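Visitor: Dropping a structure here in structure tokens format, bear with me for questions.
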Amino acid sequence: MSEDKITGTLAFTVFTAVLSSFQFGYDIGVINAPQEVIISHYRHVLGVPLDDRKAAINYDVNGTDTPLTVTPAYTTPAPWDEEETEGSAHIVTMLWSLSVSSFAVGGMVASFFGGWLGDKLGRIKAMLAANSLSLTGALLMGCSKFGPAHALIIAGRSVSGLYCGLISGLVPMYIGEIAPTTLRGALGTLHQLALVTGILISQIAGLSFILGNQDHWHILLGLSAVPALLQCLLLLFCPESPRYLYIKLEEEVRAKKSLKRLRGTEDVTKDINEMKKEKEEASTEQKVSVIQLFTDANYRQPILVALMLHMAQQFSGINGIFYYSTSIFQTAGISQPVYATIGVGAINMIFTAVSVLLVEKAGRRTLFLTGMIGMFFCTIFMSVGLVLLDKFAWMSYVSMTAIFLFVSFFEIGPGPIPWFMVAEFFSQGPRPTALALAAFSNWVCNFVIALCFQYIADFLGPYVFFLFAGVVLVFTLFTFFKVPETKGKSFEEIAAEFRKKSGSAPPRKAAVQMEFLASSESV
């Protein structure tokens with residue numbers, strides 16, 4: 001049938017949309033590889049002296065034996081005494097943690113507004129408007145070498161985080177609305193695939209002989225402006241979402257025109273009838289507030305389970321690995337930690353592609369549990385490898401293998417699954433609010449990990465992943481006892497299972513919109 005094929009216009013439009021997802025991934029990974037170079041620059045800007053060991057590390061990473069050049073405005077002051085040096089080193093650590101975590105702050109703030117902006121401006125104009133934030137953030141970071149680097153990088157990553165918070169809802173929504181029903185799940189996962197591809201590209205570009213060195217690290221940080229500019233140009237040729245035009249604006253003529261371009265056919269009657277049914281069913285359900293999600297017995301257990309799934313995803317330690325993998329591999333004794341980090345990114349991308357095939361064949365709950373159990377054992381082996389590294393040099397390979405497997409198990413289940421399951425927990429009325437709250441909680445947990453991981457790692461040393469092993473075990477047990485299977489079940493069946501566990505009465509209305517679930521998927 002015509003609606004089942006991928007037309008040139010559809011492929012072009014999806015590619016254009018996931019350029020935002022690519023930027024999202026690039027911004028996640030770009031701060032990792034040049035960590036030592038940027039910290040070294042922070043120290044010089046702030047006048048904090050380097051001890052011999054750190055100097056050797058920094059200059060080796062920089063690929064030069066010459067200290068970083070500092071502009072006259074930031075000339076290093078006279079040497080500090082030992083107490084002042086120790087205190088200032090903590091300041092540098094704090095500024096670096098803020099440089100990493102400020103990205104999540106921006107995403108946390110903006111995550112509630114992606115849907116609102118898409119409804120207000122339309123999907124295309126909303127993505128165009130969001131790119132102004134991406135370009136601003138890239139400009140701030142690109143200029144950071146020539147000013148107070150710590151302030152400009154923190155500001156730039158905050159603004160970039162705002163952009164990513166917006167598009168984390170906009171892009172999956174837009175792709176889900178333009179995709180044929182039978183292709184919606186597969187095309188929806190391209191958001192996640194583009195994201196992890198962005199992470200991988202940022203890690204490759206961050207190699208010291210490419211851009212991750214003292215001369216070019218600011219270019220590396222500002223490079224996300226390139227896909228932003230490209231997307232701004234290509235969006236001018238993309239059709240608006242037909243569902244937005246028909247359901248929100250009630251412009252049937254424009255909706256048909258958009259559908260004809262996307263489907264490559266003049267007969268779009270089936271799509272129009274589907275949207276008409278969706279509009280009628282949506283109009284019978286009232287929107288649900290955040291407070292109602294917790295006070296209404298019909299929604300309380302599903303939202304608590306949804307939040308726990310997202311907490312499990314973030315508190316598993318995955319972003320600690322993504323943000324700080326280079327330093328983790330250094331601790332593990334890997335001679336070329338940046339290349340090991342790139343290996344993590346490659347495995348991340350490969351298993352994201354694998355999950356596209358698995359998610360529709362195995363149950364959501366089954367995949368999530370499989371991933372969590374695998375991650376639990378990986379954190380144990382990772383920790384054992386780090387603890388015994390001083391006694392057995394080959395333990396570095398144990399830790400590295402455990403990290404690779406950890407990422408693989410994450411992408412099999414805990415990475416993509418929460419977004420599918422949260423959408424399946426709720427009908428059309430409460431779904432937007434529930435998804436917004438879930439996205440917000442995801443960003444909050446992301447921020448906590450980004451801000452605190454370095455301090456926790458410094459405090460616990462090689463034992464840090466034993467902590468995450470305990471956390472993963474708790475969430476695994478919660479999933480086993482509390483999370484229902486949703487594969488192949490209607491909303492009424494899922495809601496009935498929740499009501500059975502909570503002992504609440506059936507809701508007055510439960511509209512089924514299972515065909516639109518995949519459009520809600522995000523990172």
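Cβ coordinates come from backbone N, Cα and C, glycine included.
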Visitor: Of ASN213, ASN273, ASN348, which does Swiss-Prot put in the D-glucose site with GLN192, GLN313, GLN314, ASN319, GLU411, TRP419?
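Guide: Within the candidate list, Swiss-Prot flags ASN348.
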Visitor: On the question of membrane sidedness, does Swiss-Prot record ASP458 and ARG184 within identically named topological domains?
Guide: no
Visitor: Taking contact to mean 3 or more CB pairs closer than 8 A (sequence separation of 6 or more), are the transmembrane segment (461-481) and the transmembrane segment (402-422) in contact?
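Guide: Stretch pair does not touch.
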Visitor: Where, among 11-31, 187-207, 338-358, 402-422, do we find the most CB pairs under 8 A to the transmembrane segment (158-178)?
Guide: 11-31
Visitor: So which of 98-118, 127-147, 217-237, 402-422 is most in touch with the transmembrane segment (433-453), counting Cβ pairs under 8 Å?
Guide: 98-118
Visitor: Starting from the Cβ of GLN192 (D-glucose binding site), draw a 10 Å sphere and report how many other Cβ atoms land inside it.
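Guide: So the number of other Cβ atoms within 10 Å of GLN192 (D-glucose binding site) is 26.
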Visitor: Would you mind pulling the longest C-alpha to C-alpha span across GLN192, GLN313, GLN314, ASN319, ASN348, GLU411, TRP419, which the record has binding D-glucose, in angstrom?
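Guide: If we measure all Cα pairs in GLN192, GLN313, GLN314, ASN319, ASN348, GLU411, TRP419, the largest is 18 Å.
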